[in-house]
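Pulled from TrEMBL, these are the features on record:
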{"type": "COMPBIAS", "residues": "212-223", "note": "compositional bias 'Pro residues'"}
{"type": "DOMAIN", "residues": "45-82", "note": "domain 'Plastocyanin-like'"}
{"type": "DOMAIN", "residues": "99-176", "note": "domain 'Plastocyanin-like'"}
{"type": "DOMAIN", "residues": "396-521", "note": "domain 'Plastocyanin-like'"}
{"type": "REGION", "residues": "204-223", "note": "region 'Disordered'"}
Amino acid sequence: MALEKFVDALPIPTVIKPEKKINNIPFYRVTMKQFQQKLHRDLPPTTVWGYNGLYPGPTFEATRNQPIRVQWENELPFEHLLPIDRTVHGAEPDTPSVRTVVHLHGGRVRPESDGYPEAWFTRNFENVGPKFTNRVYEYPNCQRPTTLWYHDHAIGITRLNVYSGLAGLYIIRDKDEASLKLPSGKYEIPLLIQDRSFYPNGELFYPTQPGQEPPPAPQPPLDPTIPNPSVVPEFFGNTILVNGKIWPFLEVEPRKYRFRILNGSNSRFYRIALSSGGSFIQIGTEGGLLEHPVNLSSIIIAPAERADVIIDFSKNAGQSIILTNDAPAPFPDGTPPTADLSQIMMFRVRKHSFCPDICPDRSKIPTTLSCLNRINPNEASIVRKNTLIESTDEFGRLKLLLNNLEWNQLPLTETPKNGQIEIWELYNTTPDTHPIHLHLVMFQILNRATFTGDPNGPNLVVGPPQPPDQNELGWKDTVRANPGEVTRIIARFGPFTGIYPWHCHILEHEDNEMMRPYEVLNNPDFNPGKPILEQCKDESFAQCFDRKSSRHIAHDESDDY
């Protein structure tokens with residue numbers, strides 16, 4: 001099904017406003033619904049899911065250290081939009097088809113507001129998961145200004161819920177970042193990139209068997225040895241959407257723009273570039289601004305990674321520039337993208353600014369963007385060896401595991417104490433790159449190194465460490481663990497205690513056991529409310545405790561709303 005590119009203008013997601021304030025804390029009510037939305041001029045309306053009837057969901061704009069509360073409500077139909085594999089853990093036949101729970105990805109939040117996979121709930125909270133505690137989530141925003149995102153995280157069906165449309169952006173701001181005079185207002189634009197496939201009638205296509213392609217492609221014969229529908233190893237769509245539009249265009253002025261780029265795809269990596277040969281100036285990662293800007297001709301963005309970039313169009317007046325992609329799927333050694341998948345969107349640069357005489361480009365790109373302390377590896381209390389392993393399930397299907405353990409296998413193997421610094425080594429024994437995400441914490445990448453042999457055996461040989469890429473030197477919540485390499489990350493765990501997930505953010509892997517819980521334990525020797533002198537102020541745990549609203553949310557508190 002051929003769709004003409006660059007015929008629809010890029011939509012800018014709506015910014016959500018609070019319903020009211022309670023005790024000076026903004027309160028939001030967000031409802032998940034099923035609806036139809038036009039994704040392309042020549043495609044019939046598509047049935048999707050979204051927050052407040054929008055795909056992607058509305059953008060939250062929060063202020064650092066100003067908490068907000070959100071009541072997430074499920075008003076979706078009782079039957080899922082997509083077929084469910086009932087052999088996947090968490091999606092067994094006795095569980096409801098439509099379960100949701102919202103995770104603020106990258107948020108420094110208490111466990112009851114994290115969106116734990118088993119804290120799901122159904123329509124009107126009629127059924128809830130075994131870890132469900134409260135209807136209202138509190139997001140303290142006690143972290144650096146940055147681009148986060150929120151998305152569904154229900155165990156066993158995350159890949160289906162996110163694919164159906166349950167994702168949106170969440171931006172934290174503060175006065176210090178505003179004072180830098182980076183491009184802002186209409187010159188600051190989020191780009192949520194996703195891939196999808198469609199039936200000719202406009203409805204979403206998602207495979208029910210490995211190797212299945214959308215019509216009119218011939219369908220492979222059903223494999224009688226595996227369930228139908230069946231989970232697939234990865235999903236790679238044949239169409240690219242940005243902010244919910246297929247191959248859109250954006251009219252820009254010949255000046256600097258800031259783009260907050262998010263890879264919201266299930267499995268696809270992107271290596272983006274500009275057809276003009278121009279450069280990106282990357283200023284930030286998942287954890288906020290880098291210390292210094294980095295000039296790049298291309299950027300690799302794995303699922304869930306964010307890249308905060310500035311593009312200067314001042315020398316491109318009158319040109320049309322395509323945002324391109326040349327990342328193989330799966331990454332890094334899979335099939336190169338087709339001609340369609342090598343294009344993401346188009347920038348149409350006007351010959352003149354809309355008002356060159358009264359609104360010249362006064363935005364800046366400072367040589368120093370932020371205060372950023374490197375965590376000292378010598379202060380790590382432990383070095384944890386973690387292995388990424390490729391296995392098969394009882395049906396012979398691909399199954400990826402962390403440390404050769406499934407989600408619910410006990411005991412918990414990662415149990416850092418609050419305030420402790422740990423180094424995690426990620427040995428990838430599989431042929432693909434995996435974007436590994438830790439909930440609760442931001443971390444730093446120490447290095448990567450090639451290895452041979454069994455990571456847990458006597459024949460392990462590790463090569464010399466290689467530093468992270470220049471645009472990986474900031475705070476991260478998702479890291480690319482490349483095949484045949486050990487990736488070393490370092491984090492101070494906390495400031496909250498409790499159980500959180502860590503997992504691969506290829507959603508088909510996450511749903512099929514490449515996810516483990518870890519627990520931050522109480523540490524009587526550490527006071528998270530006491531500032532650590534050498535830290536930059538916006539990295540401090542203490543900011544999470546210097547306000548009245550840091551109290552625990554009572555389970556029945558939502559009744560007051």
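We count from 1, first residue shown onward.
Any Cβ shown, glycine's included, is placed from N, Cα and C.
Across the domain 'Plastocyanin-like' (99-176), DSSP assigns 15 helix, 25 strand, 38 coil. Per-class residue totals from DSSP over the compositional bias 'Pro residues' (212-223), listed helix then strand then coil: 0 helix, 0 strand, 12 coil. Secondary structure of the domain 'Plastocyanin-like' (396-521) per DSSP, as helix, strand and coil residue counts: 8 helix, 60 strand, 58 coil. With DSSP states grouped into helix (H, G, I), strand (E, B) and coil, the domain 'Plastocyanin-like' (45-82) comes out at 0 helix, 19 strand, 19 coil.
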